[in-house]
Every structure is written in structure tokens, then in C-alpha cells.
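**Q** Sharing a structure here in C-alpha cells format.
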Amino acid sequence: MILPHIPFVLIRHGQTDANRDNLIAGRTEAQLTEEGRRAAAAMANNSYGQPVMVFTSPQQRARETALLAFPDQTAVVVKDLRERDWGVHEGRPVSELPPRFSTPEGGEAWETLLQRMGSAICECMDLAGSRLPVIVAHSGTVRAARALTGQDATGPSAPNTTPLLYTPASGTWREQPLLAEGMMK
């Protein structure tokens with residue numbers, strides 16, 4: 001799948017109990033920790049330099065992060081932004097994670113994830129119109145976006161509550177973390 005050359009922002013949800021405990025959450029609901037709530041609420045002061053439209057996964061950890069980070073907006077829930085299904089591995093230690101590009105037993109294939117996330121990101125771009133799409137979702141969403149934009153999807157997970165700006169540039173894409181001091185003006 002090829003994404004339209006439209007800038008967008010991805011934000012991985014706030015820290016959860018599963019993140020803190022190094023467990024695979026996937027489709028399993030995990031609760032934001034106090035640190036996760038604090039970091040999400042601190043994002044409410046971020047500036048993106050243009051009007052935004054906020055989208056979120058239907059999973060509680062992403063919806064709560066969006067609510068705290070964008071208190072003046074109603075996030076649009078996009079069903080296909082939900083996290084990857086890790087099948088029998090959910091709830092197990094991250095150290096037992098199967099290879100990311102394989103199909104976990106009882107779970108979702110990498111290629112299926114890419115197709116689903118690509119369609120969901122395109123839906124967000126379309127619905128946002130002239131506004132900057134800001135998507136609050138999961139580590140799997142970021143990995144899929146990296147793969148779909150020609151970035152390295154094999155590296156470490158995206159940090160929680162760090163906006164990542166994806167911008168097209170000369171037929172390629174660039175991922176840029178937007179830290180507090182680097183937010184768009």
C-alpha cells in the first residue's frame with residue numbers, strides 16, 4: 001500500500017501497566033499508569049502550527065491518551081487503528097515476543113497489519129481534509145507507518161506520548177519526533 005503524500009502525526013498512547021511491567025498487551029486492554037496520564041495531560045500544551053483533527057484507536061489506553069492530550073477536541077475513533085493481535089502471546093513477557101514479521105499463533109499476520117493500518121491512516125488523512133491528522137494509537141501503528149513510509153520498522157518501539165511527524169520529501173518520507181522544544185510553531 002502506498003500512502004498519499006500528506007503529512008500526519010502519530011502518537012503512541014501513554015505508558016500502561018503492561019508497558020511498565022514489560023508485558024505484551026496487543027488487543028488486551030491495558031490501563032494507563034499515573035505516569036502515562038501525567039505525560040498525556042502534559043501534551044495538551046503542544047502546538048502543531050496548524051489546525052489538527054484527532055483520531056484514535058478504539059482501545060481504552062489510546063482513547064484516554066487522546067482525551068487528556070486534546071481536551072478541547074473530540075477524537076474520531078477509527079476501528080482499524082486498534083493494536084496488533086498477538087494471539088497466544090498476549091499477557092506474556094515482551095522477551096517472549098515472536099519475530100515481528102511472522103504470524104503469531106492465533107494472531108494477526110504482519111502483512112495483514114500493514115494493510116489494515118495503511119487503510120486506517122488513509123481514512124484519517126481523508127477525513128482530516130486540510131487539517132493535520134493526529135493519530136493516537138499504538139506501537140504497532142508506528143511500526144506499520146514506518147514500514148509504509150520506507151522507514152526502519154525493526155528498531156525499538158516508539159516512546160510513549162512522543163508525537164512523531166511524518167512528512168513526505170522528494171518521493172520519500174521523514175519521521176521527526178516533536179519534543180516540547182521542537183514542536184511546530
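Using the three backbone atoms N, Cα and C, a Cβ is placed for every residue, glycine included.
Below are the features listed in TrEMBL for this protein:
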{"type": "ACT_SITE", "residues": "H13", "note": "active site, tele-phosphohistidine intermediate"}
{"type": "ACT_SITE", "residues": "E83", "note": "active site, proton donor/acceptor"}
{"type": "BINDING", "residues": "R12, H13, G14, Q15, T16, D17, A18, N19, R61", "note": "substrate binding site"}
**Q** To test your reading of the substrate site: which residues beyond R12, H13, G14, Q15, T16, D17, A18, N19, R61, same chain only, put their Cβ within 8 Å of the Cβ centroid of those residues?
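**A** Neighbours within 8 Å of the Cβ centroid, excluding R12, H13, G14, Q15, T16, D17, A18, N19, R61: R20, A25, A30, Q31, L32, T33, G36, N160.
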**Q** For the C-alpha pair, I'd like the distance in angstrom between G14 (substrate binding site) and E83 (active site, proton donor/acceptor), rounded off.
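**A** One finds 14 Å between the Cα atoms of these residues.
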**Q** Measuring Cα to Cα, how many angstrom lie between R12 (substrate binding site) and E83 (active site, proton donor/acceptor)?
**A** 11
**Q** Taking only the Cα atoms, work out how far T16 (substrate binding site) lies from the residue listed as 'active site, proton donor/acceptor', in Å, as a whole number.
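**A** The Cα atom of T16 (substrate binding site) is 14 Å away from the Cα atom of the residue listed as 'active site, proton donor/acceptor'.
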**Q** Measure the Cβ-based neighbour count of R12 (substrate binding site), defined as the other Cβ atoms within 10 Å of its Cβ.
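**A** The Cβ of R12 (substrate binding site) has 25 Cβ neighbours within 10 Å.
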**Q** In whole Å, could you give the widest CA to CA gap in the substrate site formed by R12, H13, G14, Q15, T16, D17, A18, N19, R61?
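**A** It comes out at 14 Å between the most distant Cα atoms.
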**Q** Where R61 (substrate binding site) and the residue listed as 'active site, tele-phosphohistidine intermediate' are concerned, what is their Cα separation in Å, rounded?
**A** 6
**Q** Counting across all protein chains present, how many other Cβ atoms fall within 10 Å of the Cβ of E83 (active site, proton donor/acceptor)?
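**A** So the Cβ neighbour count for E83 (active site, proton donor/acceptor) comes to 24.
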